[in-house]
Every structure is written in structure tokens, then in C-alpha cells.
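This is the structure I want to talk about, given as C-alpha cells.
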Amino acid sequence: MDRIIQSPGKYIQGADVINRLGEYLKPLAERWLVVGDKFVLGFAQSTVEKSFKDAGLVVEIAPFGGECSQNEIDRLRGIAETAQCGAILGIGGGKTLDTAKALAHFMGVPVAIAPTIASTDAPCSALSVIYTDEGEFDRYLLLPNNPNMVIVDTKIVAGAPARLLAAGIGDALATWFEARACSRSGATTMAGGKCTQAALALAELCYNTLLEEGEKAMLAAEQHVVTPALERVIEANTYLSGVGFESGGLAAAHAVHNGLTAIPDAHHYYHGEKVAFGTLTQLVLENAPVEEIETVAALSHAVGLPITLAQLDIKEDVPAKMRIVAEAACAEGETIHNMPGGATPDQVYAALLVADQYGQRFLQEWE
């Protein structure tokens with residue numbers, strides 16, 4: 001099996017970089033469709049338009065309808081084709097960005113992505129998650145290429161609720177442990193091959209960055225200011241984790257997240273908040289040293305991520321619910337089968353309950 005790493009063509013990050021969008025995007029195309037969150041366009045549209053105009057580019061702005069569905073993609077395609085746009089810029093949150101990526105793919109044109117939050121590692125990936133108009137999961141759209149450009153304005157990210165940054169840390173915290181597991185098992189990653197040394201190194205750097213800078217970055221996020229620590233964590237959440245998960249591989253942590261979606265209790269928690277508990281579960285499954293489990297739990301707790309089931313509002317009928325979660329996490333095609341030696345529902349059930357016990361014990365010690 002060949003080793004493969006893939007990543008966006010260019011990654012650009014800085015405070016007020018939105019003012020320089022036009023000059024960065026100019027080499028890709030002259031006429032652009034900008035698909036933006038209505039909320040983001042509310043404060044950024046004039047800046048975006050000025051940036052394009054100053055660079056001599058033609059821009060058409062289309063507010064995102066709210067759901068990354070095939071109908072929404074087709075609607076936006078009509079606007080883009082009428083305006084003869086030769087490239088797409090997505091600006092906003094995850095569904096907006098996934099829509100922009102899918103739209104550009106169907107049109108066969110370049111795409112640039114400008115995330116305004118750092119809550120997941122999705123912006124850099126060659127993947128869009130497609131939903132129905134009602135918001136039900138429809139399918140994964142695997143794209144042939146990563147975005148041509150990912151541009152992150154750290155000042156805009158700093159303006160978002162701090163909990164979103166914490167969720168991004170939760171998502172990124174899994175990257176090293178899942179890549180490490182895939183490296184040990186020789187699993188095939190989403191890039192279509194085995195992981196490279198480079199992908200593993202980025203995944204490990206991601207983890208070390210979160211350990212060193214995570215708590216400091218959260219203090220900045222709570223004050224909505226940009227500091228060197230916040231800059232580093234935004235890069236870890238977005239780029240290091242993005243390349244790390246796609247080319248390093250996913251394992252138990254994300255499968256446990258998917259299992260948790262099979263029960264209603266934790267539905268209102270963010271992706272990364274559920275992944276954080278999934279990471280603790282994976283470490284128990286691997287029989288990791290207790291020091292490693294405690295280090296991960298301590299970082300999670302410090303930035304406000306859940307380390308017990310109760311913190312995910314799973315408080316009643318816990319054993320029965322964990323059976324459901326464990327079965328769903330071990331479904332055919334789930335990433336848990338990338339673990340060395342695989343995993344059975346019984347093993348995952350045990351790991352879920354023990355991870356919860358660890359979390360409860362740490363909370364008693366720390367509080």
C-alpha cells in the first residue's frame with residue numbers, strides 16, 4: 001500500500017487577513033461567487049467587497065441558505081453560472097464551507113475557504129457532508145482535491161464564542177491518538193493510502209501545541225483578543241488537525257462520537273465536545289498509561305471539555321445507553337476498525353464506562 005499525504009494548496013492565517021482576500025485570490029480567478037453565512041456577511045460583506053474591488057476582481061455575493069443540501073448547491077450554482085463566476089469563496093461555519101467546496105467541485109472551478117470559527121478541522125479537507133433540506137444526514141461527498149486556498153482571519157475567529165474554540169481543541173485532541181493507532185495498525189486513511197511520516201509529525205505537533213498553548217488560547221478567546229497562543233491553537237485546530245486526520249487516519253475517538261449520536265442525550269453538544277470523550281475512551285481501549293489518560297483529561301477539563309458522561313447530559317439508564325453507543329461505534333465501515341486488533345462492542349462498552357470512571361475520579365481529585 002502506498003503512503004499518501006494531501007493538504008490545501010495554500011494555508012494563510014493572520015489578524016485582519018480578510019482585508020487582503022482579493023490579493024491572495026487574484027491568481028485563481030477574476031470573477032468570484034462568495035457564499036457566506038448571513039451572520040458573517042452582516043459584519044464582513046463590505047470589507048470583502050472592498051478587498052475584491054481593490055484587487056480588480058468581480059464579486060457576486062450569495063447568502064447561504066442554511067443547509068448543505070443538494071438543492072442549495074444547485075440553487076447557488078444557478079447564481080454562479082448566471083454571473084459567470086470562475087471560482088467560489090466560502091466564508092463562515094462548517095456547512096457554508098462544505099457547500100462552497102461541493103459547489104466548486106460540481107462546477108469544476110477553484111475554491112477558497114475562509115472559516116470564521118475554529119471549532120473543527122474540516123476546512124482543509126477534501127470532504128463535504130451533504131444533508132437533506134430538513135437537516136438529516138444524506139451522504140459524504142468525497143472530493144478529488146483539497147481546497148485551493150484556506151484563509152483564516154484570527155481576529156474574526158477570536159470574536160466567536162470561546163466554547164467553539166474549545167470544541168475545536170476537542171476535535172484536534174483526537175488527531176494524534178487516532179493517527180498513532182492507524183500508524184500502528186497500518187490502516188488506510190481518508191487520503192487513500194497509509195500515513196506518511198509528515199502526517200504523523202503534524203498530528204504529534206498538533207497534540208503538543210494544544211498541551212502547551214490550549215489553556216492560554218482559551219483565556220484569549222474568552223476576551224475575544226488575538227495572542228500568540230490563540231494563533232498557534234487556531235493553526236493546530238484548523239491545519240495541523242485537518243491534514244493530520246485526513247492523512248494520518250481516524251480511529252476509535254471519532255467512532256465513539258458517531259456512537260454518541262445514536263442516543264438523544266448528547267445531541268446538543270458540539271462535535272468536538274463528543275470527540276473529546278471519545279479520545280478518553282480510545283485511550284482506555286488501548287490500555288494507555290494512566291499518566292497519558294490523566295494528561296488528556298486535565299487539558300480537556302482546563303478548556304471546558306466534558307470528561308464524564310454526566311457532563312454530556314447522559315445521566316440515566318447509563319449502561320443501556322452505552323450498549324447502544326458501543327454497537328453504533330462498531331458498525332460496519334466505522335473508523336474504530338482502524339484500531340490495532342480492531343474492537344468489539346463489548347470492549348467499547350467497557351472502555352466507555354471506565355473512561356467515565358476516570359473522569360469522575362479526576363474531577364473529585366481536582367475540585
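Cβ coordinates come from backbone N, Cα and C, glycine included.
Found this in Swiss-Prot, in case it helps:
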| type | residues | note |
| --- | --- | --- |
| BINDING | D37, G94, K95, T116, S119, S125, L127, Y131 | NAD(+) binding site |
| BINDING | D121, H254 | glycerol binding site |
| BINDING | D171, H254, H271 | Zn(2+) binding site |
Compare all C-alpha positions of D37, G94, K95, T116, S119, S125, L127, Y131, the record's NAD(+) binders, and send over the largest distance in angstrom.
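The span, Cα to Cα at its widest, is 21 Å.
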Cα distance, H271 (Zn(2+) binding site) to D121 (glycerol binding site), nearest Å?
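Given the Cα positions, D121 (glycerol binding site) is 11 Å from H271 (Zn(2+) binding site).
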On a count of neighbouring CB atoms within 10 A, which of the binding-site residues T116, S125 is highest?
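It comes out as S125.
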Can you check which residues sit near D37 (NAD(+) binding site), meaning Cβ under 8 Å from its Cβ, same chain, 6 or more apart in sequence, and list them in order?
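Once residues fewer than 6 apart are set aside, D37 (NAD(+) binding site) is near P63, F64, I91, G92, G93, T96, T116.
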Quick one: Cα separation, H254 (glycerol binding site) versus D171 (Zn(2+) binding site), in Å?
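Roughly 9 Å, rounded to the nearest whole number.
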Please list residues from the chain of H271 (Zn(2+) binding site) whose Cβ is under 8 angstroms from its Cβ, counting only those at least six apart in sequence.
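Correct list: S119, T120, A167, G170, D171, H257.
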Please give me the CB contact count at 10 A for G94 (NAD(+) binding site), counting all chains in the structure.
18
